[in-house]
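> Quick paste from Swiss-Prot:
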| type | residues | note |
| --- | --- | --- |
| MOD_RES | Lys16 | N6-succinyllysine |
| MOD_RES | Lys113 | N6-acetyllysine |
| MOD_RES | Lys127 | N6-succinyllysine |
| MOD_RES | Lys127 | N6-acetyllysine |
| MOD_RES | Lys141 | N6-acetyllysine |
| MOD_RES | Lys142 | N6-acetyllysine |
| MOD_RES | Lys159 | N6-acetyllysine |
| MOD_RES | Lys167 | N6-acetyllysine |
| MOD_RES | Lys183 | N6-succinyllysine |
| MOD_RES | Lys183 | N6-acetyllysine |
| MOD_RES | Lys256 | N6-succinyllysine |
| MOD_RES | Lys267 | N6-succinyllysine |
Amino acid sequence: MIVPLQGAQMLQMLEKSLRKYLPESLKVYGTVYHMIHGNPFNLKALVDKWPDFNTVVVRPQEQEMTDDLDFYINTYQVYSKDPQNCQEFLESSEVINWKQHLQIQSSQSHLNKTIQNLASIQSFQIKHSENILYVSSETIKKLFPSLLDTKNLSTGSGKPKAIDQDKFKLSSLDVVHAALVNKFWLFGGNERSQRFIERCIKNFPSSCVLGPEGTPASWTLMDQTGEMRMGGTMPEYRLQGLVSFVVHSQDQIMTKRGYPVYSHTEKSNIAMQKMSYTLQHLPMPCAWNQWKCMPM
């Protein structure tokens, strides 16, 4: 059974239900939050039954997915309480178009087994990335405060070091900056990723510091799941604390608007982990997962 959730009331019920399963449901929760608040990426939510669902998948509407090779748009967020049910649900072509290049995102690492099983059935290759999931202490206090009982907040100051404000000016990104962001984004560097970045800049808040020449020296933005992503710093401005200043600014903007604030960092990126620690962004017991799927 596939139930599309239509209208604000059903989505608000889903959001409320997903809160009970945070932080494991975070990728889906963040996406549903932004569907309720404008839905600029034209997404839809599907569940196996309603209201007592086992599995929820958020994905674009079919008319958005016109390019079979564009896995930036062909992206699915998944949360499931039941791995067996999840596999049956994801197998359906009405839920996931397995003929396309696509990506699946989830805060549940145990879905890896389910997706590997599907790979052998549907005949596609997988590239799995598992990174550290960070959530701001303010978001934790608001959405799942019980987690703070097990965390020590006494270390990070919560504020970045001051920057030279005569040299650098806090600003936001413009669509013309998409090419620069794309060049330095680990998952980007191509035409499709640039279109995706342009769409994110147009629809969501972003932060940057402009260097003396008036172009971005460091930046961060957010995607359709509400995650802070695609951050970067020009090589000549690295090691000056600019990225922590920009992330702190973006955090404040998102918190003021009531958005959940979260991000991910590679396990090998010690500098970003230290920055997260300083800004009181806490590592979660669950991970950030992405499965890039390519038909064979």
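We number each residue from 1, going along the chain as drawn.
Glycine residues also receive a Cβ, built from the backbone N, Cα and C atoms like all the rest.
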> According to DSSP, which of helix, strand or coil covers Lys127 (N6-succinyllysine)?
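Reduced to three states, the DSSP call for Lys127 (N6-succinyllysine) is strand.
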> Which of the modified residues Lys127, Lys141, Lys142, Lys159, Lys183 has its Cα nearest to the Cα of Lys267 (N6-succinyllysine)?
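Result: the closest of the modified residues to Lys267 (N6-succinyllysine) is Lys127.
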> For Lys159 (N6-acetyllysine), which residues in the same chain are close in space, meaning a Cβ under 8 Å from its Cβ, but six or more apart along the sequence?
His248, Thr278, Leu279
> Among the modified residues Lys167, Lys256, point out the residue whose Cβ has the most other Cβ atoms within 10 Å, with all shown protein chains included in the count.
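For the modified residues Lys167, Lys256, the Cβ with the most other Cβ atoms within 10 Å is Lys167.
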> I'd like to confirm something. Which of the modified residues, Lys141, Lys142, Lys256, has a Cα closest to the Cα of Lys183 (N6-succinyllysine)?
Lys256
> Quick one: of Lys113, Lys127, Lys167, Lys256, which modified residues lie within 10 angstroms of Lys16 (N6-succinyllysine), measuring between C-alpha atoms? Sequence order, please.
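The modified residues close to Lys16 (N6-succinyllysine) (Cα within 10 Å) - there are none.
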> Which of the modified residues Lys113, Lys141, Lys142, Lys167, Lys256 has its Cα closest in space to the Cα of Lys127 (N6-succinyllysine)?
Lys113
> Measure from the Cβ of Lys142 (N6-acetyllysine) and count the other Cβ atoms within 10 Å, all protein chains considered.
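Cβ-Cβ neighbours of Lys142 (N6-acetyllysine) within 10 Å number 14.
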> Out of Lys113, Lys167, Lys256, which of these modified residues is nearest Lys141 (N6-acetyllysine) by C-alpha distance?
Lys256
